[in-house]
């Protein structure tokens, strides 16, 4: 279901592509374990619920910081792979160290390290796949984000058999606290701990949790990922002891064949791709004044509107998965706690399913069309959720629908924006940063609004965010029409200092 040209490029880049996909599996494995295990970690650190929830903030904040700084390591292939090796290895070490953290501050520091590693993985993996496949990158980005969804589904399943059925700190008040435990645990989802201030659990006593085994299992499952990155480093002769004998990934003949224009790629396209390696800088480099010289206002508008779309859509993912349980158990729905606990899992399950479906669909459908379907689908789903707000059945249907529509928004938006900018500029860095900020900010915003205005405001906020996402996407389409066409760049590419470029193959740049 894809043509031979794309298949040939995939075969030539099979090992690095599979490596980036596996690294994103580590990202997913690490992002989803904290929610269901948080109560056992509270027992392990003998901390209050208000103290342990700061672990969420430390991970999310450092994930955002790592996303902003991840572009620093992509200037060469060596730095990129070394950063990915260190990040994926750090995640395995974090899983192994968490059972040894008996202080909540130490645990927060360890999770901050995990957040930095995840941020680097997020930025570098997206950048490198766009760099390799460029106009063919949409399908590979969809597969990349399927891997994070698969990891996010797997880690709670690994942890579940080892979670405590009763309160994991034995004390005189254990009997009363145990009755609250199932309700509290179901309110702890991968992205947000919910409102737990009115539940009291004992802080002193004998710890009887077995969650350590889950973390050690996840550490072992993740261990092949840094090994895969190391093998890619070794193959590329980028391991420090072999750095003096580095050689290209492809032979000279293969490089010449890849650089030769095909029926679908003329010389002007090849010349444009040659300058793409200079793009995708880190956030600090993107903000330097030298990058703004001669740039039209549409250049900035495309970056800003693309980031705002993902600010809203990724923010919806975070706030919906974080508060749909709390919304379901409150009036007027009053869903049974055990049944409501399936809603976050249903949401993430359909996100993963949607990303799997999007892999073949993205080859036949343009990224712009996919994003349009996604934002319109999100808007219509929230509208129907508001209309049928008293229906428990439609809450489950709407949750599944939202998961499907939100699943492919990020990779499709990334492919579309990079295509507009002809794979120059800082689109990947800006979009990843915007998505991370949205996920963190909208969670805090919606949490405070629900606390003040009640559970119904949860759907109202989602409707507003969906409407804003559609508005920003409409603005992006407008600025796309105003943006200079690729032909305006061909003249620059034909200048003496840019014409003799034959080695840009979508391969690694050292």
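Including glycine, each Cβ sits where the backbone N, Cα and C put it.
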Correct range for transmembrane segment (source TrEMBL, candidates 264-287, 456-479): 456-479
Which of 104-125, 213-234, 297-317, 456-479 contacts the transmembrane segment (137-158) most, counting Cβ pairs under 8 Å: 213-234
Considering the transmembrane segment (213-234), which listed stretch of 18-39, 51-73, 104-125, 297-317 counts the most C-beta pairs under 8 Å: 18-39
Any contact, the transmembrane segment (80-98) to the transmembrane segment (18-39), with at least 3 Cβ pairs under 8 A: yes
CB contact flag for the transmembrane segment (18-39) and the transmembrane segment (369-388), at least three pairs under 8 A: no
Annotated stretches the transmembrane segment (428-450) and the transmembrane segment (51-73) touching (3 or more Cβ pairs under 8 Å): yes
